[in-house]
Every structure is written in structure tokens, then in C-alpha cells.
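Features as listed in TrEMBL:
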- B:Glu63: active site, proton donor (ACT_SITE)
- B:His61, B:Cys91, B:Cys94: Zn(2+) binding site (BINDING)
- B:9-119: domain 'CMP/dCMP-type deaminase' (DOMAIN)
2 protein chains.
Amino acid sequence: MAETPDSAALGVMAMTRALDEARAAAARGEVPVGAVVVGPDGAVLAAHGNEIEQRADASAHAELLAMRAAAALRGSRHLADCTLVATLEPCAMCAAAAGHFRIRRIVFGAWDPKGGAVDHGPRLFDQPGCLHRPDWAGGFEQDVSATLLRDFFRQRR
Amino acid sequence: MAETPDSAALGVMAMTRALDEARAAAARGEVPVGAVVVGPDGAVLAAHGNEIEQRADASAHAELLAMRAAAALRGSRHLADCTLVATLEPCAMCAAAAGHFRIRRIVFGAWDPKGGAVDHGPRLFDQPGCLHRPDWAGGFEQDVSATLLRDFFRQRR
């Protein structure tokens with residue numbers, strides 16, 4: 001049997017969880033982005049929303065926090081069999097970190113033409129010298145993710 | 001009086017400290033890279049070497065740790081009046097993080113044609129959409145820094 005149907009279902013569940021993290025971040029006054037690291041069996045190893053304000057740490061993006069937490073859980077600095085699921089296209093910091101953690105695959109929600117670094121800007125995994133290129137795909141639940149962000153910034157204006 | 005002579009002296013002291021952190025990292029079995037965040041008066045706010053192995057965290061680069069520690073010390077997610085001094089040209093993760101922390105200036109030691117992202121590869125601060133461009137300069141004590149790295153990798157072969 002192909003693993004596709006289960007993978008797809010697990011992917012939807014992981015994005016649902018990442019969107020929950022994004023909503024929880026917004027409720028804390030954080031830009032609503034969420035991320036989940038999923039193991040090869042589909043188990044959620046770690047889930048985080050942005051904690052930039054809460055930690056007073058500009059690097060506390062959901063994706064970086066989730067990858068650090070997953071690595072801590074495993075006691076390993078590599079997550080080579082894991083998928084990073086994020087509600088927004090990762091920035092250069094988080095995309096490069098995904099390379100350092102040797103993440104196998106990145107699945108993201110909304111595209112980010114201004115801050116994204118996977119399919120926009122530096123397109124890090126397309127750089128000639130890139131040492132680790134995760135598979136990636138974007139656009140999953142992009143409307144939900146983009147609406148969360150739009151509503152958040154509209155309320156703060 | 002111009003602040004140049006003092007700044008230069010403080011810069012040398014900060015790089016000396018960063019190199020000490022790199023040597024301490026090597027002694028712990030870490031790739032010898034060190035970094036220091038210096039405040040506007042030249043005071044060292046934070047200093048770190050790599051702690052990738054020690055923390056089992058692929059994102060625990062000296063630069064990122066030093067910026068996070070400096071922000072924690074200040075209770076502020078921005079370090080807009082600070083200089084990041086690193087023994088090696090920062091990678092894409094650390095350079096992008098320096099942008100997120102709004103670091104004023106980056107001073108680095110050895111150039112890193114393979115992993116560097118300031119003067120090599122994606123050249124992040126030259127990207128058209130880059131939101132924050134620190135001043136930067138490289139090549140300070142580059143022989144000392146490069147020798148530390150070469151010796152470390154030679155011993156491990």
C-alpha cells in the first residue's frame with residue numbers, strides 16, 4: 001500500500017494544529033504564525049506559535065521554536081526524518097535553520113512575498129551552495145492562514 | 001573628538017573575546033566559532049561559542065546565542081544600537097536573525113565562502129526586499145579565526 005492517503009490525512013491534521021498555534025499566538029498579541037514538527041509516523045513532536053513578544057526574543061519564530069523543541073525531545077540535533085509544517089512561508093532565518101536541522105520536508109500555508117525565503121527573496125534552497133535542500137510545498141490552507149494574519153494586523157492599526 | 005580610536009580599540013577587544021569563545025568551543029568539541037554582542041558604549045552584553053553538540057540544537061550557533069542572550073539581558077527584542085562581532089562570516093540563519101534583532105553593525109573575522117550569507121551565497125543584506133541592513137565589515141583577525149577552524153577539522157579527520 002502506498003502511504004499517500006495516511007500521509008495526506010496526517011498532513012491536514014498537522015496543519016490544523018499549526019493553525020491552532022497561530023490563533024493562540026494572536027490571542028497573546030503575537031503575529032499569528034504557528035508551526036509543528038511531525039515525525040515519520042505522523043506524530044507531532046513539537047508545536048509552537050510565535051513567542052517574539054513574550055520572550056523578548058526576535059528569533060522566537062514558531063518554526064525555530066518547534067524545531068528546537070523537537071530536537072530537544074529527541075536529544076538529537078538532526079531531524080532528518082521529520083516534516084516542518086508552518087502556517088506561513090518560512091523566513092530566511094527559519095528556512096536556513098531547517099537546513100541546519102536537516103529537516104526532510106517543509107509544508108507551509110500562505111506564501112509570504114515580503115518575508116519568505118523559500119519561494120521568494122533569496123530562495124535559500126535554490127542557492128547553488130545550499131548544503132541541505134528539504135522537499136517543500138506551499139499553499140496548504142493558505143486562505144485560513146492569510147486571513148488570520150490580515151485580521152491581526154487590521155485590529156492593531 | 002571622533003569616536004574612531006576608542007571604537008577601534010573596543011572592536012579589537014570584542015574580537016579578542018570572540019576568539020576566546022571560539023577556542024573554548026573547540027575545547028568542548030564544537031566547531032570553533034565565537035560571537036559577542038557589544039553595546040553602544042563598547043560594553044560586552046553577551047558572549048557565546050557554538051553549543052550545537054552540547055545542546056543537541058543545530059541552531060545553537062554562537063551568533064544566535066549571543067544575540068538571544070543580549071536581548072534577554074536587556075528585556076528587549078531589538079538590539080538596534082548594538083554590534084555583533086563574530087569570528088566567522090555569519091550563515092543565513094544568523095545573518096537573518098541579526099536583521100530580526102535589528103543589529104546595527106556586524107563585524108566578522110574569516111570569510112566563509114561555503115556557508116557565509118553576508119558576502120557570499122544569498123548575500124542576504126543585498127536582497128532587494130531586505131527590511132533591515134546592518135552595516136558590516138569582514139576580515140578582522142581572519143588568519144587567527146581561520147587557523148582555529150583549520151586546526152579543529154584537521155584534528156578530527
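Glycine is no exception: its Cβ is also placed from the backbone N, Cα and C atoms.
Source: prediction; values computed, not measured.
In the predicted structure, the domain 'CMP/dCMP-type deaminase' (B:9-119) carries a mean pLDDT of 96. Taken residue by residue with DSSP, B:Cys91 (Zn(2+) binding site) is part of neither helix nor strand, so it is coil. Taking Cβ-Cβ distances under 8 Å and a sequence separation of 6 or more, the neighbours of B:Cys91 (Zn(2+) binding site) in its chain are B:His61, B:Asp112, B:Gly115, B:Gly116, B:Ala117. Of all the recorded positions listed (B:His61, B:Glu63, B:Cys94), B:Cys94 sits in the most crowded Cβ setting, with the most other Cβ atoms within 10 Å.
Counting only the Cα atoms, the space from B:Cys94 (Zn(2+) binding site) to B:Glu63 (active site, proton donor) is about 6 angstrom.
Mapped onto DSSP helix, strand and coil, the domain 'CMP/dCMP-type deaminase' (B:9-119) counts 45 helix, 23 strand, 43 coil.
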